[in-house]
Amino acid sequence: MFLLIIIPQILSLASSQTCETPTGSCIFPFKHLGKVYTGCIIKDSSLPWCATSVDSELNYIKYDYCPASCEESPIATKPGACKTVDGVYCVFPFVYQGTSYNSCTNADYGSTFWCATAVGTGNVVTSYGTCSTDCQSSSSGSTVCETASGDSCVFPYIYNKVNYVSCTSIDSSFPWCATSVSNGEYNDNYGYCDHNCEVGVTVPLEKTPPKIPNIKEPSQ
């Protein structure tokens, strides 16, 4: 009975796209590692893929790689992690007035925390609801970004004398980020970014003041 209730809510978030892989049609939505996806993903893979077969709980059984014409999933929601007071799943991340959120926010709503229940192009919120009391709340945007293998990106990081506050495609066919740094510098630890992460955002390096030479005190 629980499954019959939850599936229509998940399906209401799904994309209407049709995507054909070499071995069959993609099935949306599908679950991977507890998250629900409504488009092709690059989780644990360097190429976008989707489920071509799922079980009764939407967990993928078989998969194949998506052609370039297929959309990537704008939604990666942990079922049960956060719902509105009406029982609808929150969609994270969502963008509201230029800020990206990975949790409920009270932006422009005083003490009331809310979340997106559907998003459009660029993850911009198209519908919303009031968050239930057990949802994590945040009054500011989040810059959380994970790699395809689940590691957290470390921002900012310096690579080839450029200061990055997002993923980058420099010297790579896929966006990547540092997963650890040494004194702010990229130290050869990296991962390929999840599709929800920003790409190509840099900020100027802070100028280091010139070192003052050691001056010997005059002899007494």
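Backbone N, Cα and C define each Cβ position, glycine as well.
Residues or ranges marked as domain 'Fibronectin type-II' in TrEMBL: 21-68 (among others).
For 85-133 (among others), the entry in TrEMBL reads domain 'Fibronectin type-II'.
Just so you know, the Cβ of Cys104 (disulfide bond) picks up 25 other Cβ atoms within 10 Å once every protein chain is counted. Secondary structure from DSSP puts Cys104 (disulfide bond) in a beta strand. The feature disulfide bond is assigned by TrEMBL to Cys104-Cys131.
With helix defined as DSSP H, G or I and strand as E or B, the domain 'Fibronectin type-II' (148-195) counts 0 helix, 20 strand, 28 coil. Positions annotated as domain 'Fibronectin type-II' by TrEMBL: 148-195 (among others).
When secondary structure is read from DSSP and collapsed to three states, Cys131 (disulfide bond) falls in the strand class. When DSSP labels each residue, the domain 'Fibronectin type-II' (21-68) comes out as 0 helix, 24 strand, 24 coil, counted as helix, strand and coil in that order.
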